[in-house]
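Structure, as structure tokens:
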Amino acid sequence: MAQNLKDLAGRLPSGPRGMGTALKLLLGAGAVAYGVRESVFTVEGGHRAIFFNRIGGVQQDTILAEGLHFRIPWFQYPIIYDIRARPRKISSPTGSKDLQMVNISLRVLSRPNAQELPSMYQRLGLDYEERVLPSIVNEVLKSVVAKFNASQLITQRAQVSLLIRRELTERAKDFSLILDDVAITELSFSREYTAAVEAKQVAQQEAQRAQFLVEKAKQEQRQKIVQAEGEAEAAKMLGEALSKNPGYIKLRKIRAAQNISKTIATSQNRIYLTADNLVLNLQDESFTRGSDSLIKGKK
């Protein structure tokens, strides 16, 4: 390139006339390069552009998509918008239906409506988020929260969030904004109300505990009554069995001896037992007399 310029300079006539011609050529080339540079611009991905011309203002019918575009230098210049969704956290103190102070924070995912960029620029400019979002969020929050009591804001949080999102989305359309997502990120109350809620929860837990103890005592009382009735019925049945069959006591004694022998057999110690040790003295006269006297007493 430098060699070409030298060759071009060598061909030009020397003297003042030659210098003037060279200067004109350089100025012409510079003007062409500047014109080409100023006539071309690029719209990046996720952006849109509109034209503003110095005679008619914003061109309402021109919205430029991504890519390379041309303009008339000085007469037109592009205004580029980022149309990608951007998150923003907005906090607002407000009051509930029962006059409790509520601090609520929202995460709003918003983007401009690409089809309405010319009118948005005329009304709001490029800093539309700062002009619109805080005001409409505060407006909607105060309107929705005032419909619920403080306790309902906790128990019906999903419904509150849905109502806020619905009303805020409709309100944002008036300003050419699209809300992709609205979510409650924080919900807090005053210290006094929080302390009152905690005290109420403690009282409810104590009441539930007291009720549990009462029910437990009633259950134990019913269990004892059933047990006593069962023992009385068992005693009655035992008396009837003895009166009908005097040998029933001997049978019970044999079963008791069997249980004793099984327990001792599984023990590691070795013990030698007699019939007396196993309560098997069934032929003992004292045992027979005791059984007979018991049967006579039942009669």
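Heads up, the Cβ atoms here are built off N, Cα and C, so glycines get one too.
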From SER39, SER151, SER176, the annotation phosphoserine in Swiss-Prot is attached to SER151
Of 50-74, 100-124, 150-174, the range Swiss-Prot tags as region 'Necessary for transcriptional repression' is 150-174
If you measure between the CA atoms of SER151 (phosphoserine) and LYS200 (N6-acetyllysine) and round to the nearest Å, you get 12
Same-chain residues at least 6 beyond the ends of the region 'Necessary for transcriptional repression' (150-174) with a Cβ under 8 Å from one of its Cβ atoms are 96-98, 100, 102, 106, 108, 110, 132, 136-137, 139-141, 143-144, 181-184, 187, 189, 193, 197
CB neighbours within 10 A of LYS262 (N6-acetyllysine), counting all protein chains shown, number 9
Modified residues TYR128, LYS200, LYS262 vs LYS236 (N6-acetyllysine), shortest C-alpha separation belongs to LYS262
For LYS200 (N6-acetyllysine), the same-chain residues 6+ apart in sequence with C-beta under 8 angstroms from its C-beta are none
